[in-house]
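Asker: Here it is, the structure, as C-alpha cells.
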Amino acid sequence: MATEDDVIHVLENIKSPKLASRVFKWAARQEDFEHTVFTYNAYLNALVKGGHGSKARKIFDDMLYKECLPNIYTYGIVLRGLCDDAKTDAALELLQDMESKMLTPTTFIVNMLVSCLCKNGKVDAAYELYKRLSDECSLDRISYNMLTYGLCKADQIDRALAVFGEMEENAVVPSLLTYNGLLYGYCRAGRMEQAMTLLEEMIEGKKGSDVVPDMYSYNTVISGFCKARQLPTARYVLRRMIKSGCSPNVVTFNTLLDGLCLTGKLDEANAMFEYMVERNCEPTAVTYTVLITGHARALRIDKANDYFVDMLRRGVEPNVYTYTALIGGLCDANKVEDALEILKRMSSTGREPNVVTYTRVIGALCKGGQIERATKLFNDAMGSRTAKCKPDSYAYSTIIYWLCRQSKFLEAYEYFLRMVESKLVAKPHIYKAMADGLELVQETEKVERVCLEASAHGIELQQKDAPQPLNPHLPRRKARKEVFLHKWEITKRAL
C-alpha cells in the first residue's frame, strides 16, 4: 500500500521525468490513495528538473481540474519550468492567476521572473513587475542586480540608477556585481565621466571594503573610453589597473589595440603588442586580426604580413576575418596576385572564404582590368546553386558595375537577372547604369525590366539631366545615339 510520504520520497529521488510519470500514475491506481498538493509538487519538480516545463504546466492544469488546490510552492515550481523554457508571457499569466488566489509571490519567484524577463529582452516588463511587487514582498540583492544590469543593457541607465537608489534606501547592500552593472550602463550610454568617477570610488574603497574593481570592471571602462576615442584615458585606466594589482588579460589588450588601430595610432598599437607579449599575455586570433586589419587599412601591408607570419609561427590559427583583412589590404595596395595566393592558402587550410573575401578580390581584379578572371572567380566560387558561399547584393553590384564600365551591358544584365532571382536589391546607381547601358545598345525590353525592378523597390530612374541632341540637323538615329552616349558618360562619372 502506497503512502503519501513514500510517493514523495520516491519522486524526489528520481532523475528521469519518464520514470517519475510512471510512478505518479502507478500511485494514483493504488487503493485508497489520492494525490495531494505535496505529491503533485514532488512530481512537478521532477518534471521541471528534467527540462519538461511544458508538461509540468499541463499537469498543473490537471491538478486544478481534479480540485487539488496548488500552494505557493506549486506555482513557484511551474513558474521555474516556464522561465527555463523562456515562456515569459505564460509565466506572467500564471503569476496573475496566483495573485488572484491571494498568494503573495516570494522573493525567489520575483528573482526568477525578473531574471527571465531581462534575459529575454523584456526589461520594461521586468521593471513594471518590480515596481508593482516591491511593496508586496522584499527583494534581495540578486533581484536588484539582475534588474540593474538588465536596464543598463537596454540603455535605460536612468531607470537603473533609480533602482539602485531604492536598493540603498531598503538597506540592501550593493555588491561588486551591482557596481559593474552600473559601470557597464554608464559606458554603454557614453557617460564616461560618471563611469570614471564610480571606478575611482571603487578603487579608493568608498563603496565598501568588499567592492574592489575586478577584471570586468577595468575592461568595461577601458572599452568605454576606446569606443569614445579617448585613448589616453583608456591607457590611464590600464595603468591604474596594473597599479592596483589586477593584471590585464588578453581582452584588455585586444580592446586597447582595437582602439589604437581604429584611431590610426598604429605605432602605439605595435608598442602595446610588444608590451602585451612582455607580460606573457598570449595573443589570440582576435589580437592578430585587429592588428592586421589596422595595418591593412593604412596600406602598411608589409607590417600586416609580418603579423600574419608571426601568428602562424606562434601556432595561432587565422580565422576567416584574419584572412579577409589581409586579402582586403593586399587588394587595396593593388597586390591582387598576392591576395589570390592568400585566398588559395585560406581554402587549403579548410577556412571557407566568405562573400566579403571573394568580393574584395573580384573588385580588385576588375579594377586592374582583369574582368574575365573576375567573372570566372565569381562563377566558380559563388555562381552555382550548390556553392557554399552565396553572393550578396554588394557582390552582384561589384561585378555589374565593372561590366558596365567595360560596356559589357548584356553580360551585366545576366548577373542582374541572377541578382533579381535571388531577391536581392542593389543601390540606385546600379539600376541606372544598367538601364542607361541597355538603352545605349537599344535593348528596350531589357530596359523596361530593369526599370520595373527599380520601381518595385522605390527607385525612380528618370533622366532629368539628359540633354536634347546638340545638332538638330543630324539624322534621327544618330541624334538618338548622341543623347545615349552623353547619358552614359554622365552615368560613368557617377559610378
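Indices start at 1 and increase along the chain as displayed.
Keep in mind that glycine also has a Cβ here, set from the backbone N, Cα and C atoms.
According to TrEMBL, the record shows the following:
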type	residues	note
REPEAT	36-70	repeat 'PPR'
REPEAT	71-105	repeat 'PPR'
REPEAT	106-136	repeat 'PPR'
REPEAT	140-174	repeat 'PPR'
REPEAT	175-205	repeat 'PPR'
REPEAT	214-248	repeat 'PPR'
REPEAT	249-283	repeat 'PPR'
REPEAT	284-318	repeat 'PPR'
REPEAT	319-353	repeat 'PPR'
REPEAT	354-389	repeat 'PPR'
REPEAT	392-426	repeat 'PPR'
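For the listed features, I'd like the structural context: burial, neighbours, distances.
Answerer: Averaged across the repeat 'PPR' (36-70), pLDDT in this predicted model comes to 91.
Outside the repeat 'PPR' (140-174), and at least 6 residues removed from its termini, the chain residues within Cβ reach (under 8 Å) are 107, 110-111, 114-115, 117-119, 121, 123-124, 126-127, 130, 134, 181-182, 184-186, 188-189, 191, 207-208, 211.
Away from its own ends, the repeat 'PPR' (175-205) comes close to residues 141, 144-145, 148-149, 151-153, 155, 157, 160-161, 164, 167, 211-214, 216-218, 220-221, 223-225, 227-228, 230, 233, 237, 240, 244 of its chain (Cβ-Cβ under 8 Å, at least six residues beyond either end).
Residues 176, 179-180, 183-184, 186-188, 190, 192, 195-196, 199, 202-203, 255-256, 258-260, 262-263, 265, 268, 279, 281 of the same chain sit 6 or more residues outside the repeat 'PPR' (214-248) yet have a Cβ under 8 Å from a Cβ within it.
Taken residue by residue, the repeat 'PPR' (249-283) breaks down under DSSP into 26 helix, 0 strand, 9 coil.
With a threshold of 8 Å between CB atoms, the same-chain residues lying at least 6 positions outside the repeat 'PPR' (319-353) that come near it are 285, 288-289, 292-293, 295-297, 299, 301, 304-305, 308, 311, 360-361, 363-365, 367-368, 370, 381, 388-389.
Residues in the repeat 'PPR' (354-389) partition by DSSP class (helix H, G, I; strand E, B; coil) as 26 helix, 0 strand, 10 coil.
With a cut-off of 8 Å between Cβ atoms, the residues of this chain six or more beyond the repeat 'PPR' (392-426) that come close are 355, 358-359, 362-363, 366-367, 371, 374-375, 378, 382, 433-434, 437-438, 440-441, 443, 446, 450, 453, 457, 492, 495.
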